[in-house]
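Participant: Annotations per Swiss-Prot:
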BINDING   Asp24, Phe25, Asn26, Arg40, His63, Phe64, Gly65, Arg66, Arg122, Arg155  substrate binding site
BINDING   Lys206, Gly297, Glu328, Gly357, Gly358, Asp359, Ser360  ATP binding site
Amino acid sequence: MAKRSLASLNAGDLSGKRVLVRVDFNVPLNDAGAITDDTRIRAALPTINDLVGKGAKVVLAAHFGRPKGQVNEAMRLTPVAARLSELLGKTVTKTDSCIGPDAEAKVGAMANGDVVLLENVRFVAEEEKNDSGFAEKLAALADVYVNDAFGAAHRAHASTEGVTKFLKPSVAGFLMEKELQYLQGAVDEPKRPLAAIVGGSKVSSKIGVLEALIDKCDKVLIGGGMIFTFYKARGLAVGKSLVEEDKLELAKELEAKAKAKGVELLLPTDVVLADNFAPDANSQIADVTAIPDGWMGLDIGPDAIKVFQAALADCKTVIWNGPMGVFEFDKFAAGTNAIATTLAEIGGKGCCTIIGGGDSVAAVEKAGLAEKMSHISTGGGASLELLEGKVLPGVAALDNA
């Protein structure tokens with residue numbers, strides 16, 4: 001069901017109105033407390049600027065870290081407010097707590113176009129319990145609700161789901177709208193051939209996605225540490241590579257399901273091996289049928305890269321989730337980098353390339369190719385759940401278009 005978006009509200013609807021905007025400002029900090037990557041803050045700017053331009057009073061709600069329902073001084077949103085002020089070119093006032101007298105006073109003093117950032121909503125235990133009393137107090141600070149936090153949309157919390165019961169309209173922000181358009185679109189109405197590239201170390205964390213994608217895709221390419229569970233299930237020796245023994249039957253079932261559906265399921269034909277898990281480990285390339293004892297696979301091999309590139313060449317939509325190897329180690333980053341480069345190339349020829357959150361995003365950014373992708377998702381768990389076909393509570397709660 002399509003959701004109503006911020007684009008449907010004009011200045012007449014918003015001028016002078018207090019708009020509660022749930023944003024995803026869960027950014028990484030270094031030991032000195034400085035923000036090391038402000039991507040998520042910048043991703044919310046189109047929505048914030050639109051509201052400011054329409055004369056709304058913008059009240060931002062966000063979580064940061066996992067303070068477990070109590071105040072944690074290291075998890076205050078102070079550095080976020082400072083960075084947001086720089087990006088907007090205007091003062092962003094931060095409250096001492098997300099509800100209560102200070103928040104009420106600062107929101108009450110707002111002029112049209114002002115921006116207030118409420119303190120970390122997870123300092124209140126009731127946030128993650130989706131407590132309706134807390135949701136009502138948050139909602140009392142506003143007249144309209146906008147959810148632009150796709151990365152938190154798979155959680156039914158007070159600030160993502162509960163507040164919608166008290167605020168109308170409740171609409172999707174521009175970032176949320178773009179995420180749904182690309183990810184939902186890729187699953188529901190893709191241009192074909194549709195391929196999914198699934199990587200990462202564990203089959204267990206990607207089971208739901210693999211099952212759902214085998215149902216929907218024409219091709220599924222698998223890389224990362226999880227390939228060794230598939231090889232072992234085929235009866236191959238995998239040395240000391242990572243294997244999930246309790247998922248061997250599942251690996252067989254997934255291969256059988258793909259075959260029965262006529263889906264091309266590709267596993268690497270060769271791998272880059274290491275004698276230990278380290279950036280400077282000794283390495284060698286081996287066919288997957290000839291992995292020696294005492295060695296572990298840390299990347300897909302050069303032959304596998306060529307096979308994967310050939311499989312992707314004619315695709316019109318590609319979803320990528322999870323690296324091909326341990327790309328944090330330069331020696332074992334070739335497979336992941338090759339996929340990033342290939343997606344940039346086919347994207348230039350009209351293929352829709354979607355990077356589905358998590359480590360793939362870091363890989364594409366490390367390769368300097370982020371700008372060449374059609375869409376880079378800001379959600380990790382949320383993207384996976386959407387691709388699995390699950391209903392996201394934070395999306396379901398919004399007004400229908």
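Using N, Cα and C of the backbone, Cβ positions are placed for all residues, glycine too.
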Participant: May I ask which residues of the same chain, at least 6 positions away in sequence, place their Cβ under 8 angstroms from the Cβ of Gly297 (ATP binding site)?
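Facilitator: Non-local contacts for Gly297 (ATP binding site): Gly225, Ile227, Phe228, Val238, Gly239, Ser241, Val271, Val272, Leu273, Ala274, Ile291, Gly325.
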Participant: What residues, ordered by sequence, lie under 8 A Cβ-to-Cβ from Glu328 (ATP binding site) and sit at least six positions away in the same chain?
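Facilitator: Set apart from Glu328 (ATP binding site) by at least 6 residues yet with Cβ under 8 Å, we have Pro279.
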Participant: Measure from the CA atom of Gly358 (ATP binding site) to the CA atom of Asn26 (substrate binding site) and give the result in Å, rounded to a whole number.
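Facilitator: Here the two Cα atoms are 13 Å apart.
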Participant: By a simple count, how many Cβ atoms lie within 10 Å of the Cβ of His63 (substrate binding site), its own Cβ left out?
Facilitator: 27
Participant: How many whole Å apart are the CA atoms of Gly65 (substrate binding site) and Gly358 (ATP binding site)?
Facilitator: 16
Participant: Taking every protein chain in this structure into account, which of the binding-site residues Gly65, Gly358 has the most other Cβ atoms within 10 Å of its Cβ?
Facilitator: Gly358
Participant: If you draw a 10 Å sphere around the Cβ of Asp24 (substrate binding site), how many other Cβ atoms fall inside it, taking every protein chain shown into account?
Facilitator: 25
Participant: Just name the most isolated of the binding-site residues Asn26, Ser360, going by other Cβ atoms within 10 Å of its Cβ.
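Facilitator: Least crowded of the binding-site residues Asn26, Ser360, by Cβ count within 10 Å, is Asn26.
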Participant: Find the shortest Cα-Cα separation between Ser360 (ATP binding site) and the binding-site residues Asp24, His63, Arg122, and name the residue that gives it.
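Facilitator: The smallest Cα gap between Ser360 (ATP binding site) and any of the binding-site residues is with Asp24.
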Participant: Among Asp24, Phe25, Asn26, Arg40, His63, Phe64, Gly65, Arg66, Arg122, Arg155, listed as contacts of substrate, what is the widest Cα spread in Å, to the nearest whole number?
Facilitator: 18
Participant: Restricting the comparison to the binding-site residues Asp24, His63, Arg122, which residue's C-alpha is spatially nearest the C-alpha of Asp359 (ATP binding site)?
Facilitator: Asp24
Participant: Quick one: Cα separation, Lys206 (ATP binding site) versus Asp24 (substrate binding site), in Å?
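Facilitator: Rounded to the nearest whole number, the Cα-Cα distance is 23 Å.
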